[in-house]
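Novice: Okay, handing you the structure first.
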């Protein structure tokens, strides 16, 4: 059963985010040991795996998450999420509409990216379990990221969505997480600050301290 606290420290990662000399399996295991509360498999960009290689990797990482009782979410790829029976799916504004697949994801976690009021007003949140708001800060992890909206956008959208869980995303690091923790966000989505940390487990511990 999905709860807002599952968003506390939400790790998003694919092979494209892993520094040289490391593997995604190593990094994810260390992040799980550190206490991440949710993991999203986002395999896209230069050098990302495709086809059966992507499926095989997803299954391997899914099993790792299961051993730590951490939900495994697939970014964007509805077919993959169905094929491996993932715990949920996260889609953006330009991806497949939630209305098109929600009936195939009953009992699963559905997340939607929302960057501003216009996107919120254009979105049907009937079947959405949480929204990802951002980019809060400038982000190096997404080539297609739009302009940063700042922590204030969380409060702007909170007034509109009530108790719907909100996770902040985009450029979040240990240097700026305190600004997000002061808002009504239920947690933070983090890519590079965890994936590229020389001390992954310790970094996750530090993020968790802001969302107890």
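Glycine too: its Cβ is placed from the backbone N, Cα and C atoms.
The model shown is predicted, which means the values in this text are computed figures rather than measured ones.
OK, Swiss-Prot features for this one:
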{"type": "BINDING", "residues": "40, 41, 42, 43, 44, 75, 113, 142", "note": "4-amino-2-methyl-5-(diphosphooxymethyl)pyrimidine binding site"}
{"type": "BINDING", "residues": "76, 95", "note": "Mg(2+) binding site"}
Novice: Who sits close to residue 113 (4-amino-2-methyl-5-(diphosphooxymethyl)pyrimidine binding site): which same-chain residues at least 6 apart have their Cβ under 8 Å from its Cβ?
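Specialist: For residue 113 (4-amino-2-methyl-5-(diphosphooxymethyl)pyrimidine binding site), the qualifying residues are 90, 91, 92, 93, 131, 132, 133, 134, 169.
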Novice: Would you mind ranking the binding-site residues 40, 75 by how many other Cβ atoms sit within 10 Å of each Cβ and giving me the lowest?
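Specialist: Counting other Cβ atoms within 10 Å of each of the binding-site residues 40, 75 gives the minimum at 75.
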Novice: Let me spell it out: for each of the binding-site residues (43, 76, 95), count the other Cβ atoms within 10 Å of that residue's Cβ, using every protein chain shown. Which one has the most?
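Specialist: Comparing the binding-site residues 43, 76, 95, the most crowded Cβ belongs to 43.
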Novice: Cβ distance under 8 Å to residue 42 (4-amino-2-methyl-5-(diphosphooxymethyl)pyrimidine binding site), same chain, sequence separation 6 or more: which residues?
Specialist: 12, 13, 14, 17, 75, 76, 191
Novice: What's the CA-CA gap between residue 41 (4-amino-2-methyl-5-(diphosphooxymethyl)pyrimidine binding site) and residue 95 (Mg(2+) binding site) in angstrom, rounded?
Specialist: 16
Novice: Please report the DSSP secondary structure of residue 41 (4-amino-2-methyl-5-(diphosphooxymethyl)pyrimidine binding site), reduced to three states.
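Specialist: For residue 41 (4-amino-2-methyl-5-(diphosphooxymethyl)pyrimidine binding site) - judged by DSSP and reduced to three states - the answer is strand.
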Novice: Could you tell me the C-alpha distance between residue 43 (4-amino-2-methyl-5-(diphosphooxymethyl)pyrimidine binding site) and residue 95 (Mg(2+) binding site) in angstrom, no decimals?
Specialist: 15
Novice: For a quick check of packing: other C-beta atoms within 10 Å of the C-beta of residue 44 (4-amino-2-methyl-5-(diphosphooxymethyl)pyrimidine binding site), how many?
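Specialist: If we count other Cβ atoms within 10 Å of residue 44 (4-amino-2-methyl-5-(diphosphooxymethyl)pyrimidine binding site), we arrive at 16.
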Novice: With DSSP assignments reduced to helix, strand and coil, which class does residue 95 (Mg(2+) binding site) get?
Specialist: coil
Novice: According to DSSP, does residue 76 (Mg(2+) binding site) sit in a helix, a strand, or coil?
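Specialist: Going by the DSSP assignment, residue 76 (Mg(2+) binding site) belongs to neither helix nor strand, so it counts as coil.
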Novice: Using a 10 Å cut-off, grab the number of neighbouring Cβ atoms around the Cβ of residue 41 (4-amino-2-methyl-5-(diphosphooxymethyl)pyrimidine binding site), all chains included.
Specialist: 26
